[in-house]
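Copied over from TrEMBL:
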DOMAIN    36-80  domain 'Homeobox'
DNA_BIND  38-81  DNA-binding region
DOMAIN    83-284  domain 'TLC'
TRANSMEM  92-112  transmembrane segment
TRANSMEM  132-151  transmembrane segment
TRANSMEM  158-177  transmembrane segment
TRANSMEM  216-235  transmembrane segment
TRANSMEM  255-280  transmembrane segment
REGION    291-336  region 'Disordered'
COMPBIAS  310-324  compositional bias 'Polar residues'
Amino acid sequence: FNLALLTSFRFIAKPCAINLGIQDSGPHRAQPNAILEKVFTSITKSPDGKRLEGLSKQLDWDVRKIQRWFRHRRNQDKPTTLTKFCESMWRFTYYLSIFFYGIRFLWTTPWFWDTRQCWYNYPFQPLTSRLYYYYILELAFYWSLMFSQFTDIKRKDFLIMFVHHLATIGLITFSYMNNMVRVGTLVLCLHDASDFLLEAAKLANYAKYQRLCDAFFMLFGVVFIVTRLGIYPFWILNTTLFESWELIGPYPSWWLFNGLLITLQILHIIWSSLIIRTAYKALVRGKVSKDDRSDVESSSEEEDVTSNSTKGVFSTSSNGSNRINGHVASDQWTEE
């Protein structure tokens, strides 16, 4: 469902991107070479020093030139800025819509104001249609993220995001099956609070509005840390660990449920440290010299220097691709 919406949404996002001057052009393409192409497709995409020396003698090329060829070849298979803009615009629309839907829904519920209400009369609590659709939409979206992760760029935080998606899907499914939907809605809404800000920052970055991008990213960082390191442990974990134990006792699935929630908290801490590190570089040094999970490699040291001269939180490399390209995910932080 969500993948179908993403495909149809590109018909809306693409004209917006073109109007903002975003071209459908990818990274610099590697020079055609049958020998190197065969090595790239059949043996390795990142040859070691010994293989590089052998190729250098075989082709009478400098080792440095061969390294540059492999960098270009790896980059040319990655999505263009236009493609990433369309994806981020779709995610921005989804995260913003589902967040405001959740806030509007929860504003009228008693457990939004008193978390102890999550456990009164448990498990005999009614499942309304609005609550049901809220859960199904969130579950469908995270399943789409799970599947798309295997076809998207293989980023350095692949394992972390994979664990995050598994924990999220497990929590949504588990809480629904055990009728823990009240506390589940609080977790979902809290996680959606910062995701749309990251996507907004990426949209501004792709459109080359650097100041707007930096502002959105800083706002995203503040909201993320406040919600994930402040509200989540003191509001969500407090009610699942202590209030539930007090009101209904240690039910059989208590350990598994809270184990998944604590796993999410560990991921929150990891992502928060990455956000703080990126923001520190941007504020103190005025630039981000190298993102911890860049999805596009610089083609040479000269290109690295050009990339590093770009100011802002989302430093842009010489081929036009962003250095922080989360999900969250993904998407570096969200995607949650």
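Glycine is treated like the rest: Cβ placed from N, Cα and C.
Mean pLDDT for the domain 'TLC' (83-284) in the predicted structure: 88. Helix, strand and coil residue tallies for the DNA-binding region (38-81), in that order: 31 helix, 0 strand, 13 coil [DSSP].
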